[in-house]
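J.: If you scroll down you'll find the structure; I have some questions about it.
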Amino acid sequence: MERLRVVILGPPGVGKGTYASAISRAFGIPHISTGELLRREIAAGTELGVKARYFVERGLLVPDEIVNQVLCNYLSLEECRRGYVLDGYPRTISQARFLESLAPANAAVALRASIETIVSRLAGRLYCPACGRVYHVTWRPPTREGFCDTCGTPLARRSDDDPSVVAKRVRIYYEEVSEVIEFYRKLGKLLEFDANVDSVVGVPKLLSILAERAVRIPPESY
């Protein structure tokens, strides 16, 4: 049995979700979003969920120690034995060091795309306010126009997907994660990948590269 642990990094609209989902399907490992894990904890009313809710309801970033503990709990589950693909985490050097001490990644994939490409992708993006599922009017439209396939909730557009604010979001992203990118570069785990290409072309190429990063797990570790 092989283990593959992958971190997907990249600014909004670069295609993190698309690539992470493809990696998850190809290697049979869970696609993990810490945002989704936090929403589950909050909905379940767990101790960590109650702590996280305080910050979420005030529009504040959930502290690293809470996010890290939620992730730690999830990675201890059987479904993560063969690895994981983390979408949007780590975002801070503290999170990166925590993950490296807990369940180190085989590769940190930094997706890169031009501002023009990102604006084009975000301009058609739709999301479900209820369950968080993301769609695109051209590449991933809902079965019923304007409504979520999963829960039937009317779809919406994020105000920060407006072209006038996209460049600012991308700049802020790189300011936030530049230290994380350099962290993985120094470890020799950084894989910079051109995401300007259509995912139909990019996904198979990335999967081929990652297949070489998978590590065989000794039978006694199964």
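All residue numbers here begin at 1 and follow the chain in the order shown.
Including glycine, each Cβ sits where the backbone N, Cα and C put it.
Heads up, TrEMBL stuff is auto-annotated, nobody curated it.
Owing to the predicted nature of the structure, the values given are computational and were not obtained by experimental measurement.
Pulled the feature table from TrEMBL, pasting it below:
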- GLY13, VAL14, GLY15, LYS16, GLY17, THR18, ARG125, VAL134, TYR135, VAL197: ATP binding site (BINDING)
- 33-62: region 'NMP' (REGION)
- THR34, ARG39, LEU60, LEU61, VAL62, GLY88, TYR89, PRO90, ARG91, GLN95, ARG158, ARG169: AMP binding site (BINDING)
- 124-161: region 'LID' (REGION)
- 125-160: domain 'Adenylate kinase active site lid' (DOMAIN)
- CYS128, CYS131, CYS148, CYS151: Zn(2+) binding site (BINDING)
J.: So what sits near CYS148 (Zn(2+) binding site) in its own chain, CB-to-CB under 8 Å and at least six residues off in sequence?
T.: CYS128, ALA130, CYS131, ARG133, TYR135, PRO142, PRO154, LEU155
J.: Give the nonlocal contacts of the domain 'Adenylate kinase active site lid' (125-160) in its own chain as ranges (CB under 8 Å, at least six residues past its ends).
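T.: Long-range Cβ neighbours of the domain 'Adenylate kinase active site lid' (125-160): 12-13, 17, 35-36, 39, 166, 169.
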J.: Does anything in the same chain, at least 6 positions from THR34 (AMP binding site), have a Cβ under 8 Å from its Cβ, and if so what?
T.: VAL67, VAL70, LEU71, LEU86, GLY88, TYR89
J.: Setting CYS128, CYS131, CYS148, CYS151 aside, what same-chain residues sit with their Cβ within 8 Å of the center of the Cβ atoms that define the Zn(2+) site, listed in sequence order?
T.: PRO129, ALA130, GLY132, ARG133, ASP149, THR150, GLY152, THR153
J.: Checking the contact step here: among the binding-site residues GLY13, GLY15, GLY17, CYS151, which have a Cα within 10 Å of the Cα of ARG158 (AMP binding site)?
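T.: Cα filter at 10 Å returns nothing.
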J.: What is the average pLDDT across the domain 'Adenylate kinase active site lid' (125-160)?
T.: 89
J.: Name the residue among the binding-site residues GLY13, GLY15, GLY17 whose Cβ has the smallest number of other Cβ atoms within 10 Å.
T.: GLY17
J.: Whole-number Å distance between the CA of GLY17 (ATP binding site) and the CA of VAL62 (AMP binding site)?
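T.: On Cα coordinates alone, these residues lie 21 Å apart.
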J.: Give the residue counts of the region 'LID' (124-161) per reduced DSSP state, in the order helix, strand, coil.
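T.: For that range the per-state counts are 3 helix, 10 strand, 25 coil.
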J.: Sort TYR89 (AMP binding site) into helix, strand or coil using the DSSP assignment.
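T.: SS state of TYR89 (AMP binding site) = coil.
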